[in-house]
Amino acid sequence: MVPITQKAPMMLGVMWMFQAIAFILVGLRLYTRLVVMSNYGWDDHFFNAAVFLLFVYTVLMTVAACFGLGQTMTDPSSAATSHALLLVNIGQTATSITVIFVKVSIAVFLLRIVNTNRGQMIAVIIPVTLMSIIVFVAAWVLWFACTPVSYSWDITVPGGHCNPVTEFWAALVSGVSIVIIEVFYASFPWYLIRGLQMPKREKILIGTSMSFGYISAICSIYRLLTLLNLAYASDEDFLLTIVDLLIWHAADITTQLVCIGVTVCRPLYKDWLYRIADHIESISSSLSSTKQDTTYGARNAPALIALQTIGGSAMPQSGGDATYGKDSGFMHHTEKLGSKARSRAMETDAISEEYMLEREPTADSAGSSAGGRHQQGV
């Protein structure tokens, strides 16, 4: 054990902050899936597994910091240095598996939307499959680029040698493939919503909430830049220089978790926004002598927060019926009874993006259905 100095304290602080964010996302996602939506799927299993592996990675790097990770190596042949190098290798392998799990979770999420379109299903499955193979090969090279294998963490092994060029190119190709798939999965939702019949603002809302992957792509690019710095680092500074790479590993994974977490948890925070809107309206009503209808806050929440229901529109302010998305099977009915109108509004928003996009009519389908009705009228 060695004192935790130099870059190690900063590394641990950042990684555990990312881990706290991941744990919060797990709690919110589980509550949304199990309580709000009652719809738990395979994408949730992969999401939870990714968070667990991120926790394993953070613990491994914490232990490695106690053996010299984040510091200049004073004695490369010491047992502490060997332990640190071994833990770093194990941690990077864990992040490789985590990256695969996160991307699979996103792919399964998208498959819920495109489950009736064979071409789009192939477009979702092939990228994550190719990326998983590349990342797996890069993880394999990390362990077997040295002969014997133990020389990768114990330089005292006699006759040992490594191939740093192979390691570098394997890591570089793996990183580039991750960037490409993150950009693709962040852009794909915009393609899915382009033909849907809904207000432009709602399309922007859906695309934005499902496109946080662009931030992950930026993190991956920074990770590639740190890989270049690591390639030119001296052996004595290896455990110090690699800290930036390890941090960007965690940042990339966490931003991907945020990407799919924010999207899935939308019914939850829409419900919270309604409650906030009702609270604002109650305060406003208490300060005003004008009496408001009991459903005023719930019906005007989208306008107050500037956020409309995906697949629908702002609830009408006057009584009566308002129908939206008849072909998709959703009927929005507002009554003057406060509790019933409020429950209907809440029920409308307990719907996730993948369900709304799956059921939302496109311009082509709407046109064909309109033509059919016209022929029947004739």
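Even glycines carry a Cβ here, placed using N, Cα and C.
The transmembrane segment feature in TrEMBL is assigned to 12-34, 46-70, 90-114, 121-143, 168-192, 204-225, 245-265. For 28-270, the entry in TrEMBL reads domain 'Rhodopsin'. What TrEMBL lists as region 'Disordered' is 352-378.
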(message) Which residues of the chain, 6 or more past the ends of the transmembrane segment (204-225), have a CB below 8 A from one of its CBs?
(response) 106, 172, 175-176, 178-179, 182-183, 185-187, 189-190, 193, 245, 248-249, 251-252, 255-256, 258-259, 262-263, 266, 307-308, 310, 353, 356-357
(request) Any chance you could find the range in 12-34, 90-114, 121-143, 245-265 with the most Cβ pairs under 8 Å to the transmembrane segment (168-192)? (result) 121-143
(request) Looking only at the domain 'Rhodopsin' (28-270), report the model's average pLDDT. (result) 88
(request) State the non-local partners of the transmembrane segment (245-265) in its own chain: residues 6+ outside its ends, Cβ under 8 Å from one of its Cβ atoms. (result) 11, 14-15, 18-19, 21-22, 25, 28-29, 32-33, 43, 47, 50-51, 54, 57-58, 61, 88, 91-92, 95, 98-99, 102-103, 105-106, 109, 178, 182, 186, 209-213, 215-216, 219-220, 222-223, 226-227, 230, 352-353
(request) Would you mind listing the long-range same-chain contacts of the transmembrane segment (90-114), meaning Cβ under 8 Å and 6+ residues beyond its ends? (result) 41-44, 46-47, 49-50, 53-54, 56-57, 60-61, 64, 120-121, 123-125, 127-128, 131-132, 135-136, 138-139, 142-143, 174, 178, 181, 185, 188-189, 192, 213, 246, 249-250, 252-253, 256-257, 259-260, 263-264, 353-355, 357-358
